[in-house]
Amino acid sequence: MKPIFLIGYMGCGKTTLGRALSRQMGYEFIDLDIYIENRYHRSIKELFALHGEEGFRKIERRMLEEVSEFERTVVACGGGTPCYFDNISLMNSKGITVYLTTPTERIAARLSLPGAKAKRPIIAGKTDDELKQFIDGNLKAREPYYSQASITFDSTDIETASTTESTAAHLANILTARQ
């Protein structure tokens, strides 16, 4: 069975939904950022500082090529992963790509939860209004890449364990029908 790649903006639920989806389908789960950190023994922030964005994106591409060969795996990609080096085409050719959509307001609310901004330096100092504008701008820029996914799926309703599980079950049914 081909890998399933979850793409979308930070805070859309790639990791949360991905874990639930992988459990329900009996697949392995990989968070691509954590996979990279484990392989390089450095945080994403450190890799950006050492190699710059272009260097990091090259590392990310190599790791994406590696995980794209895995079977029965759900991969939660970084928010920018599909937007570089034609990664979206690689993911579409090697597996099933799912674009998780969530309204800007919900993404902003998730990213404003205690501790969420601290994990994401790019949004750390932003006010609520600045955060919403930042998200809107990035979503518009990334939409041409995200929209190339095989499936577009609404991931708005994953706020509790039960809604996450039911949302994952719905996505699992869609994916099972596609494989």
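The backbone N, Cα and C atoms fix where each Cβ goes, and this holds for glycine too.
Database features, via TrEMBL:
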type    : residues                                         : note
BINDING : Gly11, Cys12, Gly13, Lys14, Thr15, Thr16, Arg120 : ATP binding site
BINDING : Thr15                                            : Mg(2+) binding site
BINDING : Asp33, Arg57, Gly79, Arg142                      : substrate binding site
Alpha-carbon spacing, Thr15 (ATP binding site) to Asp33 (substrate binding site), which is rounded to whole Å: 10
Arg142 (substrate binding site), number of other Cβ atoms within 10 Å: 18
Among Thr15, Thr16, the most crowded of the binding-site residues [Cβ within 10 Å]: Thr16
Gly79 (substrate binding site) versus Gly11 (ATP binding site) - Cα distance in angstrom: 9
Binding-site residues: Lys14, Arg57, Arg120 - member with fewest neighbouring CB atoms within 10 Å: Arg120
Around the Cβ of Gly13 (ATP binding site), the count of other Cβ atoms that are within 10 Å: 27
Which of Gly11, Gly79, the listed binding-site residues, has fewest other Cβ atoms within 10 Å: Gly79
Spatial neighbours, same chain, of Asp33 (substrate binding site) - Cβ under 8 Å, 6+ residues apart: Ile44, Gly78
ATP site, defined by Gly11, Cys12, Gly13, Lys14, Thr15, Thr16, Arg120: further same-chain residues with Cβ within 8 Å of the Cβ centre: Gly8, Met10, Leu17, Ala76, Leu100, Arg110
Arg57 (substrate binding site) to Thr16 (ATP binding site) - Cα separation in whole Å: 23
C-alpha spacing of Gly79 (substrate binding site) relative to Thr16 (ATP binding site), in angstrom: 14
